[in-house]
């Protein structure tokens, strides 16, 4: 394919950042860190980043075997990867994780803060322990991942935080703690996009709707009236018909593809934004 040339502008503000054409979507030569990458959405993020040319640091807290499988799969697909164990609920672990990541591959271009926990419960029943469990990972953890990302990312790096449509959706019962923990991330992104602009780092949030991971059916049942009586297939049918005009359910790859867009040159003019990825469930 012939090289695509950039038009000659009259001032420095006319210069187009990065290549034109399909090359602008490439992640070749980039290094990414994905937290909570041993399973679910984080696993697919790591896999897709690897497929597109990234070297990937696969973070995990407990699932050693799963994380090693992700690393092996990325290598099999032709890129490189390594595991780093760290609990993002512990700031000292976060600091060490970033230091190890840079030692392994020499730099960081992309950080995907994916780790999270889910919680359901009527506000009258929420204990201080449950509140702290959720906010420690979903909110405090993401903040300090972002802090260390700023310190270690290359100029022009990418920080992608994990939100949820529950941070915006109305009338979600028994979900105040989880929704609040994710809603804070949206404010983080808007403020951090300003703070991190001095290093030309973009900061965005992906906010998934229901995504079919290992927790999918159990979580969906909390949203569906009498959901506890439905089979997994019936849950899928309900979700596809009631929650999306596209009549299908969301998959981890749907999130990973948007993450890769934000991580590439194509996403370079997007910052401080919350990207809802829910198949039209929240319009």
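Keep in mind that glycine also has a Cβ here, set from the backbone N, Cα and C atoms.
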- Task: Among 1-21, 22-42, find the range that Swiss-Prot records as region 'Disordered'.
- Result: 1-21
- Work through the binding-site residues one by one (59, 63, 164) and point out the residue whose CB has the fewest other CB atoms within 10 angstroms. 63
- Task: Work out how many Å separate residue 164 (substrate binding site) and residue 178 (active site, proton acceptor) at their Cα atoms, rounded off.
- Result: 9
- Message: Within a 10 Å radius around the Cβ, which one of these binding-site residues has the most neighbouring Cβ atoms: 39, 43?
- Response: 43
- For the binding-site residues 51, 55, which one has the sparsest Cβ surroundings, going by other Cβ atoms within 10 Å? 51
- Message: I want to check the contact list for residue 178 (active site, proton acceptor): same chain, sequence separation of six or more, C-beta distance under 8 angstroms. What comes out?
- Response: 118, 119, 120, 134, 138, 164, 166
